[in-house]
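Database features (TrEMBL):
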- Cys25-Cys42: disulfide bond (DISULFID)
- Cys45-Cys54: disulfide bond (DISULFID)
- 16-55: domain 'EGF-like' (DOMAIN)
- 55-106: domain 'Fibrinogen C-terminal' (DOMAIN)
Amino acid sequence: MPNELIHNPMFHHFSKKSPCINDPCINKGKCVAKFKDGDYYCSWCPRFYNGKDCKTGPLIGKNCLDIKERGLSQGDGMYCLDPDGASHSNAYLAYCDMTSHNGGWTMCYTTDEYVKPRTEVTYNASIPYGTVGYRTNCNNISFTEIMFLDHQTLAKVYFKRRTNQSITASLNYGNNASTYGLWNGVGVSDAYLYQLLICDTSFYSGFLVSGYTNCYTECENWCGDHVSPYFRTATTSLHYSGVAFNTNGARPLNKSVISVGLR
């Protein structure tokens, strides 16, 4: 014990040497001494850093598939993404589904009604994935596949572009479905090929997949299709309210919680 005490000119006693005296916390972490154990811990580690010394850097990928393909997946959960792969100053958190249909899905939103993925891009830790209101930024996620998940039944289906050229939402809002060609469905009726819309209009916003009925859809014109299965969120019209998951969506439906992911 005497070797652990140092002289303090401010007081008439000896103080135990602080474990924080050498500032062990890096990246602007705040050191908190644990005198009883002769140890310390770092609190207030900066965003995306953790570990005892705040030195464990963020696990960052361009998207969830990138993280999985690099062998860095730690299972389903939150990961740090930076689609442009530059300085990481604009990195953000997103939920990665690393198990469904071989994993690597960047999950964009969870909703039971209307959604605006073009502008609703901020993850809120108080609204975790699977909870209505979960959001993250999928605008610049390159993808050739899109997955819809029904949280009531846990059914998961996905659609794969027949051409292997990736697209991003940011460059395609408002385009007709013919822009992306036809898509194959997995877990859905094989009576159809499918088509995709990426919309941000006053009528409909978000991703929409429906069967191809010899007519390519538009964000405000769904070809009068009252037959094929739809996968959509709610419109602003009461005639197309509610959520469609593997049912015809050219009619009002009930609210239902779904999530959408890209890969």
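For all residues, glycine too, the Cβ spot is worked out from N, Cα and C.
Heads up, TrEMBL stuff is auto-annotated, nobody curated it.
Cβ neighbour count for Cys25 (disulfide bond): 23 (other Cβ atoms within 10 Å of its Cβ, all protein chains included). Counting every protein chain shown, the Cβ of Cys45 (disulfide bond) has 20 other Cβ atoms within 10 Å.
Assigned with DSSP, the residues of the domain 'Fibrinogen C-terminal' (55-106) fall into helix, strand and coil as follows: 9 helix, 16 strand, 27 coil. Across the fold, the C-alpha of Cys25 (disulfide bond) and the C-alpha of Cys54 (disulfide bond) stand 6 Å from each other. Residue density at Cys54 (disulfide bond): 22 other Cβ atoms are found within 10 A of its Cβ, drawing on all protein chains shown. Cys42 (disulfide bond) falls within a strand segment according to DSSP.
Separation of the C-alpha atoms of Cys54 (disulfide bond) and Cys42 (disulfide bond): 7 Å, rounded to the nearest whole number.
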